[in-house]
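S.K.: My questions will all concern the structure given below.
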Amino acid sequence: MAKRRLNKRQQWRIEKIQKERTVRAARKEKAVEEQAAAGELGPEQNGLVIAHYGQQLDIEALEGPESGQVFRCFVRANIDSLVTGDRVVWRPGKSKTGVIVARCERENLLQRPDNFGALKPVAANIDHIILVIAPEPEPHDNLIDRYLVASESSDIPAVILLNKTDLINDDNRDQIEALLARYQALGYEVARTSAAETAGTPAPEVEALVRNQTSVFVGQSGVGKSSIIQTLLPDELLRVGAVSESTGKGVHTTTTAKLFHLPGGGDLIDSPGIREFGLWHMTPQEVEYGFREIRPLIGLCKFRNCRHMGDPGCALDAAAEAGDISPERLKSFHRILQDMTDQQARGLKLT
């Protein structure tokens with residue numbers, strides 16, 4: 001469906017609203033700066049980034065009499081990019097505002113390249129990635145493998161969660177079972193659920209995954225990430241979209257990465273849907289490392305410059321012939337490498 005064109009009045013109104021928001025934000029930031037200059041800010045303390053709105057972030061106080069309260073904070077210009085899940089040092093101001101003065105060291109960082117090749121952080125300090133797939137939209141090995149390569153390169157464990165099990169039928173059952181079996185054979189944890197069948201209550205299998213963990217849900221649009229989160233956090237207002245009947249693709253429903261505290265313990269980060277998880281910022285060697293069954297074969301090819309594309313003496317081809325690498329995973333590996341080559345041919349470089 002083509003995008004609806006806006007008339008001049010609509011464009012003017014949108015620009016006016018954006019300008020007003022910018023002015024309000026600048027006014028608040030100036031007020032906080034004046035408080036800092038006057039010595040009116042509170043003492044430095046630890047906080048947690050629970051939401052990100054451009055230059056403003058929601059920080060939850062982690063200590064002191066205001067522990068658990070949320071403050072809208074501004075970021076000092078000398079601080080690198082912050083993401084949901086970051087732990088920071090901040091100073092409270094008036095009217096639930098504050099200033100972030102430092103970012104604490106990260107345990108890990110999940111990031112991906114944007115359409116221009118620049119790395120964009122997604123979430124920090126997470127215990128595992130929950131990769132949600134579903135019978136509809138149809139799951140594809142290549143997209144799943146992109147997420148798994150990203151998790152392996154970040155040293156963040158990944159769990160594959162099959163949602164919408166109520167949509168499994170005789171037409172797709174064998175394909176889905178074969179797909180899940182491939183990843184279980186590689187040692188990946190696989191869980192199953194159906195948010196539509198839990199009547200709004202959290203499924204025990206999902207609660208077990210997220211309990212006392214900091215989790216981030218990823219997956220293509222339409223697989224039901226927001227629906228699952230809504231069962232875990234029924235009091236939170238999350239917009240839930242349906243799969244488009246015309247395209248079969250999902251509709252993005254989450255626009256801002258947010259961190260939620262779970263009633264049963266643990267935290268959950270819900271980030272905007274990601275349709276394509278590009279890996280062109282990686283080297284071929286890093287992609288090799290991201291495939292668990294290929295990792296032990298690194299450096300075993302006959303020639304050091306082996307491209308793993310049918311070259312003589314390729315250790316990957318030998319492993320595939322021996323059944324140690326599935327045809328689907330090898331095809332996915334080749335496609336990722338080809339995508340990287342295509343991006344380089346287009347002149348895409350990291351900034």
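Note: Cβ is positioned from N, Cα and C throughout, glycine not excepted.
Taken from Swiss-Prot, the feature GTP binding site covers N163, K164, T165, D166, G219, Q220, S221, G222, V223, G224, K225, S226, S227, and the record attributes it to sequence analysis. According to Swiss-Prot, the Zn(2+) binding site annotation covers C301, C306, H308, C314, on the basis of sequence analysis. The feature domain 'CP-type G' is assigned by Swiss-Prot to 107-277.
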S.K.: Please work out the mean pLDDT for the residues of the domain 'CP-type G' (107-277).
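M.R.: Looking only at the domain 'CP-type G' (107-277), pLDDT averages out to 83.
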S.K.: Show which residues of the chain containing T165 (GTP binding site), separated from it by at least 6 in sequence, have their CB under 8 Å from its CB.
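M.R.: The answer is P135, R192, T193, S194, E197.
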S.K.: Going by Cα-Cα distance, pick out whichever of the binding-site residues N163, G219, K225, S227 is nearest to H308 (Zn(2+) binding site).
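M.R.: Closest by Cα: G219.
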S.K.: Would you count the other CB atoms within 10 A of the CB of S227 (GTP binding site), including those on all shown protein chains?
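M.R.: For S227 (GTP binding site), the count of other Cβ atoms within 10 Å is 21.
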S.K.: Give the sequence-ordered list of residues that share a chain with C306 (Zn(2+) binding site), lie 6 or more positions from it, and have CB atoms under 8 Å from its CB.
M.R.: G313, C314, A315
S.K.: Write out the long-range same-chain contacts of N163 (GTP binding site), meaning residues 6 or more apart in sequence whose Cβ is under 8 Å from its Cβ.
M.R.: V132, I133, A134, T193, S194, A195, V223, G224, S227, I228
S.K.: Distance between G219 (GTP binding site) and C301 (Zn(2+) binding site) at the Cα atoms, whole Å?
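M.R.: C301 (Zn(2+) binding site) has its Cα 34 Å from the Cα of G219 (GTP binding site).
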S.K.: In the three-state scheme derived from DSSP, which category covers T165 (GTP binding site)?
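M.R.: It is helical.
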